[in-house]
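Student: Before I ask anything, here is the structure I am working with.
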Amino acid sequence: MNRCWALFLPLCCYLRLVSAEGDPIPEELYEMLSDHSIRSFDDLQRLLHRDSVDEDGAELDLNMTRAHSGVELESSSRGRRSLGSLAAAEPAVIAECKTRTEVFQISRNLIDRTNANFLVWPPCVEVQRCSGCCNNRNVQCRASQVQMRPVQVRKIEIVRKKPIFKKATVTLEDHLACKCETIVTPRPVTRSPGTSREQRAKTPQARVTIRTVRIRRPPKGKHRKFKHTHDKAALKETLGA
């Protein structure tokens, strides 16, 4: 089983090399990884293109033939050393999705957000967190079981050049179990221009009507002296007199 897991690291290196050159990665490789169909080195060799390996070997032979006689011995000795180091190297093992010990920095915001004139001791602690890689690009190593653990730290304040020690409690999050979960990415909502226009047409628009209000002035009243006079002719005579 360990040998099977060790096959994935060279395959990942190959995928990175292909993506760096600009060629699209075949979907069959991801399907085989997700179906756990790679069980031996023969299955891995079927996925890798042997033409690229042959081209690398031909290029190496061409460079060796073009070199001078003195450089030929040096390049051949380097090639032998590289082959010997490859033979002595141990097979790579995939980093499984599981809990590992990580270092967590205790920031001052976790203790007091209103004050920054203090120190925290210890400044960092160890926590258990999920890490590792999964077989498919659409899944990610995440925590399936979490436990909250309170710890006690020291809050050191400096007052009048003297340290004052206080106790504070910080809650840490430890991962107890991990598993590879599918990554859910929200799909962007695309709206056609015709749909937005139709919605605007259906939406009733509020119309603002401005009305002009005329203020009527009260009628001019007669002079108190001539209120009893109703005849216009007599009124003119009186005013004319």
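Cβ from N, Cα, C; glycine included.
So Swiss-Prot lists these for the protein:
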type	residues	note
SIGNAL	1-20	signal peptide
CARBOHYD	Asn63	N-linked glycosylation site
DISULFID	Cys97-Cys141	disulfide bond
DISULFID	Cys130-Cys178	disulfide bond
DISULFID	Cys134-Cys180	disulfide bond
REGION	217-241	region 'Disordered'
Student: What is the nearest of the disulfide-bonded residues Cys130, Cys134, Cys178, Cys180 to Cys141 (disulfide bond), using the Cα of each?
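Tutor: If we rank Cys130, Cys134, Cys178, Cys180 by Cα distance to Cys141 (disulfide bond), first place goes to Cys180.
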Student: Report, in whole Å, the straight Cα-to-Cα distance of Cys180 (disulfide bond) from Cys130 (disulfide bond).
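Tutor: Cys130 (disulfide bond) to Cys180 (disulfide bond), Cα-Cα distance: 10 Å.
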Student: Cα-Cα separation of Cys178 (disulfide bond) and Cys134 (disulfide bond), in Å?
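Tutor: Pair distance, Cα basis, whole Å: 11 Å.
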Student: By a simple count, how many Cβ atoms lie within 10 Å of the Cβ of Cys97 (disulfide bond), its own Cβ left out?
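Tutor: Summing over all protein chains shown, Cys97 (disulfide bond) has 19 other Cβ atoms within 10 Å.
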Student: Reduce the DSSP letter at Cys97 (disulfide bond) to three states and note it down.
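Tutor: Where Cys97 (disulfide bond) sits, the three-state DSSP reduction gives coil.
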